[in-house]
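Peer 1: Once you've had a glance at the structure underneath, I'll fire off some questions.
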Amino acid sequence: MDQDIIEELGDYKIIKVLGRGSFGTVYEAERKDNRSIYAIKAENMHAHPDQSMLKNEYTVYNEMKGLDGIIDVYYLGVSNDIYYLVMDKLGNSLEQIYEERNRNFSLKTICMIGKRMIDIIKGIHEKGRIYRDIKPENFLLSLDKKNIYLVDLGMTKRYVDLYSGKHIKLEINKKLTGTARYASINTHNGLEQSRRDDLESILYVLIYFSVGSLPWMGIHASTGKEKYQLIGKKKNEISPETLCKGIRGSKYFIKCLKYIRSIEFEEKPDYDRINFYFDSLMTSKNLENDGIYDWLVGYTEYETLNMYEDKKDVEICNIQGGNNRNKKKKKGFWKKLKSFISECGSSNHSS
């Protein structure tokens, strides 16, 4: 049965497709008896005959039950050769919000996103698992847009044995697991992942939000394997200073990235130290960690104009990232922003 055209699954009526991935399709669905709205993730039960990805994800969600930033799942069922997982419905991803806002987040919002990501990942780590696929698409907003949640737990892995409590051993020549754009250097180098790698990926996401691109974006190759190798080579070559060039308060990003890259394989990261870098950056710029993200209030004159130390830094960083399309987008954004500020000024004078 084609998962994209099904009309119902068990007690749920399918309303529309919310998204598709390599491991299944996500739908918006309505429970027939009370018309409550949920999200349903579906997987053809014959797609992975050895082990259902959805069954594994259901197990992980139950392990994480009660964690802040992890949604509730309610039921794993089977209907017409399809496994389906019923869960709370969320809003758009951070990547979608970023695109909607002309690829611009304020420094305040980026710092608050960073702290939220760190706290969610810390909770997962404390449950004995690593996430292994940090990317903006996997962080979704609540329906009221006030909270951020992490979804798609199917690729998580235990880094401590459930019974002995011992850390897994460092292995080499491992295939890349996750998304190459945000994968850590050690992951590219074939090392087994641990807690440090999730954190390095978070930093790459935040740098991406700050600059609009990453230096290894746009790399082309004849095969996926070759592309991953070229991305890894670029990451190994570029210094934290160059990577963070142009970001307002870049020294805090640099210190944070250097610390994360210094963490040993089995070492427990100092999550408070990482959060302290973001707190210090916000304090240095007189920004308040009040939970009010850009998308809750729209653009603000001070925050947006001061995201970068100098407007020219936007152009410099986009050229380094090899993404000239962003340069045009940023120029268009600044034009719109100036017009918006001018209109606000005119209305203030007339009132």
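Including glycine, each Cβ sits where the backbone N, Cα and C put it.
Because TrEMBL annotations are produced automatically, they should be read as predictions rather than curated entries.
Annotations per TrEMBL:
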- 12-278: domain 'Protein kinase' (DOMAIN)
- LYS41: ATP binding site (BINDING)
Peer 1: Is it possible to get the count of other C-beta atoms within 10 angstroms of the C-beta of the residue listed as 'ATP binding site'?
Peer 2: 26
Peer 1: In the predicted model, what is the mean pLDDT computed over the domain 'Protein kinase' (12-278)?
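Peer 2: 96, rounded to a whole number.
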